[in-house]
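Working notes for the structure below.
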Amino acid sequence: MVWIRGRCTRLLGRHRRALASITSLATCSGCDQVAAGFAPPRPMPMPMPPDYRPDPRIRALQEGFFDAVKAATFPEHLLRFRNQRWATRVGLGDLTDDAWVQHFTRFEPLPGNLEQPLALRYHGHQFGVYNPALGDGRGFLFAQLRDAGASPQDPERDRLLDLGTKGSGRTPWSRGGDGRLTLKGGVREVLATEMLEALGVYTSKTFSLVETGESLYRGDEPSPTRSSVLVRLSHSHIRFGSFQRHAHLGHVDRLGALLDFAVEHYLPGARERSGPLPLAFLHEVTLRAAALCASLMTAGFVHGVLNTDNMNITGECFDYGPYRFLPTLDPTFTAAYFDHEGLYAFGRQPRTFVWNLARLAEALTPLCPDTALAPALREFQPAFLEAMRQGFLRRLGVASNGADDDAALLDAADAFLQESQIGYDRFFFDWYGGLSSTARARQSPEARTYAGTHATQLQRALERHAPTHPERLEAPYFQGSAPCSLLIDEIESIWQGIAERDDWSAFHAKVDQIRAFGALMSG
């Protein structure tokens, strides 16, 4: 897509110059708090399934990285969502609902895991402004465990995973907040993570959602509103802002310890690269960030708050707030009502990723000269464009026909989507498999648009691309009349049923629909 390639090139040039001019980082004294001590994990009181493999490695970091905290006490514990698929994968699928609530609302420690929850410390740039007062303000790291994988050959097998919370109470980093999560916010996050997973985005998984029986007051929701605690399963909670904190405070030893920890447990491929470890680490993070950014763009997803404290070093998307999915392709489309300047608009997400990576590079300069780090940032653009090419073809269900024809198809689709303003999800639904879906497209509500002059170049480009999974077109999904999507009006309708009638049927039906769609597209 031409507008993306041009912006990436200009932005990378600016950040190479900015990185080369870095000479020092501001420091702050008196900002640290000493982490409370915590006991070793309890011995396992009962046999657990072999797929449950606790591994609380975070304890190795010790002082300066987290604070031991206690969960809030809640008046009610109504289990609204448990992710049985992922619970089974990490060996927790056999928990009864009562045991589930005991662990994931009352936060009784899991066997062999962390004895106390840990609120992690970090800083970050929020809408371009550095904030040294951040940290886990309404959540904590509850447990760490190993991924059993979907099969013994699964490349994700043995990943170190975190169980972290949202809405579990106040911490030293709550900054005057109540430490709670609204039930609507929890419902929205369940839907976001399910949809993104179905679309092939590397995302955290919503593991649990429990309604907790409190009345909350928020400026962006009709109040009082209902409360909840969410547990997410994530591949690390180490953020770009985790490194920024120690660099900002001048704690070079801690910065180095965090780097070693991150490489050992999350990015071991950095050890296989030549050159200084900070450079190798930045290479790995950059490639993962490029892949994530491309998948978000292909999914038509606007995160809304791509601050450096919301960027995970593993290239996993997490921490969902005022997100939106695109109704139609519009580079200026924003998700957050408070993003008045459109800083995190859809079309600006690639430049935001580059900007955030440059801030991570700045944080690493106490460990490695800035000039040595610059080559890693230059890897973003080619990696992003290649991931965009592959992701777009995959979502459209067509095979590559060489770089030139692939680029022509992406540009033709981009022009068609912007000129016609048909639904973003509708386009991929109607033309899945390329020209194999011509008859289906003629039955679409957008049939007139496809017969118009806007579509001529698109169809010529599609002629050069064969379908990759023509058998999928026989599935009930593609025999239906509408794509699986998650636009704001549907989310609000689902929430309205819950808020007004405590009717969860539309919510569960939507999760089932999304999962069926995801199974088809990944099968």
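In case you wondered, yes, glycine gets a Cβ from its N, Cα and C as well.
Just so you know, TrEMBL annotations are computer predictions that nobody has curated.
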Say TrEMBL lists GLY135, GLY137, ARG138, ASP178, GLY179, ARG232, ARG239, ASP319 as binding ATP: which of LYS70, LYS166 is in the same site, per that record? LYS166
State, in Å as a whole number, the widest CA to CA span among the ATP-binding residues GLY135, GLY137, ARG138, LYS166, ASP178, GLY179, ARG232, ARG239, ASP319 given in the record. 23
Just name the most isolated of the recorded positions GLY135, ASP309, going by other Cβ atoms within 10 Å of its Cβ. ASP309
Given a 10 Å Cβ-Cβ cut-off, pick out the one of the binding-site residues ASP178, ASP319 that has the most other Cβ atoms nearby. ASP319
Long-range neighbours only, meaning 6 or more apart in sequence with Cβ under 8 Å: which ones does ARG232 (ATP binding site) have? LEU163, GLY164, THR165, LYS166, GLU189, THR193, SER204, LYS205, THR206, PHE207, PHE318
How many Å separate the Cα atoms of ASP178 (ATP binding site) and ASP309 (active site, proton acceptor)? 20
I'd like the Cβ neighbour count for ARG138 (ATP binding site), meaning other Cβ atoms within 10 Å of its Cβ, all protein chains included. 22
